[in-house]
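Scroll down for the structure; my scribbles are underneath it.
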Amino acid sequence: MGTGEALRRCLKRGVSECWRISPSQHLPFFLAHSCSRDLPTLFRGHRISLPGRLLGSVVSSQCRTFSSAESAGTPEVPERDQIIDLALYPPNLIKNFSIIAHVDHGKSTLADRLLELTGTIRKGHGQPQYLDKLQVERERGITVKAQTVTMFYNYSKDRRKYLLNLIDTPGHVDFSYEVSRSLAACQGVLLLVDASQGVQAQTVANFYLAFEADLAIIPVINKIDQPTADPDRVKEQLKAIFDINPEEVILTSAKTGQGLEQVLPTVIDRIPSPKGDPGRPLRMLLLDSYYDEYKGVVCHVAVVDGTLKKGVKIASAATGQSYEVNDVGILHPELTPTSHLFTGQVGYVIAGMRSTKEARIGDTLHLSRTQVEPLPGFKPAKHMVFAGVYPADGSDFDALNHAIERLTCNDASVSVSKESSGALGMGFRCGFLGLLHMDVFHQRLEQEYGAQVISTTPTVPYVFEYVDGSKVTVQNPAALSSSPGKRIVKCWEPTVLATIITPSEYVGSLMTLCSERRGEQIEHSFIDGIPTIPFCLTFYRQRVMLKYKLPLREVVIDFYNELKSITSGYASFDYEESEMQISDLVKLDLLLNGEPVDALASIVHRAKAERVGRELCEKLKKILDRQLFEIAIQAAIGSKVVARESLSALRKNVLAKCYGGDVSRKRKLLEKQKEGKRRMKRVGSVDIPQEAFHSLLRSS
Ligand SMILES: Nc1nc2c(ncn2[C@@H]2O[C@H](COP(=O)(O)OP(=O)(O)OP(=O)(O)O)[C@@H](O)[C@H]2O)c(=O)[nH]1
């Protein structure tokens, strides 16, 4: 019995039997080692990939290809017994490409089909969107993290075998940073468009990302199997907006497999090979990194020049630190050691880094004894939204601290600093790329680390200038102070350039929405051609592209949901960062019986302060429990109260025991109660239950 088969049986039967099955002296060692851990956790959702030093080369080569599908329900990867020799793939036989598209246009499904077509994963593995590995990605049906995979493809035209690196990217606007990073490792893209939805806002944004990076763009119209598919119309849109020749467009259905046979040949024909120089000293671009409990920090890299070999010492251009390369390989589709990576190839490196903070995304890695010119790298991620994250139970601060530390190791685009709030205790101020990113972060904290958190209302980074000329960037409204000596004289707020694509009948309501949100129109254009037969005009739904400059705050708070509800889900929306603009901003405090509640403070435009204040007071009134004294809920700008609600006191029936009796005695009791309440109101501090915070902050 082979060692792989032995392992397979071990998993099925439980660890105790492994000692009897294994013919290898290494295997019992590994199993004894793994017995101390929870076996299902060890193998959950992954093919087994075991450190060679534990198992020896025979076992590890088997284990790499062995799937835990039977034990954990993940798809099977074909067994590969041969070590892959990457030296057979010089740059002219390599193609690096990405799939980019609007949300849900079928990127991950197309990636699945290409993986099957090239035999990288087994056909009919029963698990759609193989590359969406995170639980949150599977539950929400979205891609959050870009995933790289290496495939091998025999091209019948020139009878040569090519190495193809495919990067599946997220579609949502919050994760466009992932897309731009992925594009740095590519020479071309498949621009996917849904045959019935046509060009959408993220199609436009992603096209320009690829266009500006000077990549070859292969247009693909997907989902042609749908009854509402209209590929000719989508071709017209592609021509009108991007000047794409309709004859270059590939028509596919990632669901039925129709047209897929054209995709990889077109990739090979149209996408240039990477341009690096194998003769020059090693230079690698660090694309991404994550922390694996058993392997340590795994870096995804693109080798630009030279060769990387297991065992060499590499150094980081950013920090100057050097590391010995313990393992190197490709993602095929899981980590597959190859001992070398050559010019133009994309793969992984494990080099004894202790934390992902040492693996700076965009850094250049090179041989430690050679000097090289660093690669351009990436712009650092820009945090658009900030929010406080507090443990739901104040005593869980340390556990939350640990969970956040671990999660940020695998999501370096979140910024974290400690803060404290009078109402919520000790917590963190986190910066996110957008609201969906924030939501995904919370969900991962809960699902992967069991942390229960309360998050404050998201805010955007404002800049304030004081009378003494000093400027501060405010990420936490509660931290903004304005005293006579520190009077605020000017403020700026971030803006975005938003692109909305919508059927024409919704344009009016969308323009109203944008002007309510303080937007300024930049462009209004039609993206469909007019039908030549006038009769058809009645039935023809023109699509319009609107461009608006909008304050980021207005976009962050519920804009997307409103846009979707106004247009019955037909409009799509994307934005990119624009400049800071001068604005008339004020800090809105929320007071309970005169005491400000710091976690509920916000920064708003002066014209909206009263309305926002009123809404907050009303919400709080509904959420708070009544107490034995009256509670005044006020919204105030400085000392000026702009909205007020009162929560009446619970009335204890002091007359209950006073059967019959004299009326003057009853009056006396009521007077006494009134006096007591007055005293309570003066001294009483209002208790806000954590759930109230939760519902208030969630709904605001
Ligand atoms: N009818 C039909 N449905 C498809 C086709 N391709 C994908 N789908 C479906 O479209 C939905 C979205 O597909 P995904 O592959 O997750 O789309 P995506 O672009 O990766 O989505 P994000 O990662 O969230 O941006 C899924 O329900 C797929 O089954 C196709 O060719 N035809």
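The backbone N, Cα and C atoms fix where each Cβ goes, and this holds for glycine too.
Bear in mind that TrEMBL entries carry predicted annotations, made automatically and left uncurated.
If you look up TrEMBL, you'll see 92-275 marked as domain 'Tr-type G'. The GTP binding site annotation in TrEMBL covers 101-108, 168-172, 222-225.
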Among all chains shown, work out which of the binding-site residues LYS107, HIS172 has the most CB atoms within 10 A of its CB.
LYS107
Residues among the binding-site residues ASP104, THR169, ILE224 that border ligand 1 - Cβ under 6 angstroms, in sequence order:
ASP104
So how many other Cβ atoms are close to ALA101 (GTP binding site), meaning within 10 Å of its Cβ?
26
DSSP state at ILE224 (GTP binding site), helix/strand/coil:
coil
By the DSSP assignment reduced to helix, strand and coil, which category contains THR169 (GTP binding site)?
coil
Taking the Cβ of ILE224 (GTP binding site) as the centre, how many other Cβ atoms fall within a 10 Å radius?
20
Fewest other Cβ within 10 angstroms of its own Cβ, chosen from the binding-site residues ASP104, THR169:
ASP104
Assigned element (helix, strand, coil) containing LYS107 (GTP binding site), judged by DSSP:
helix
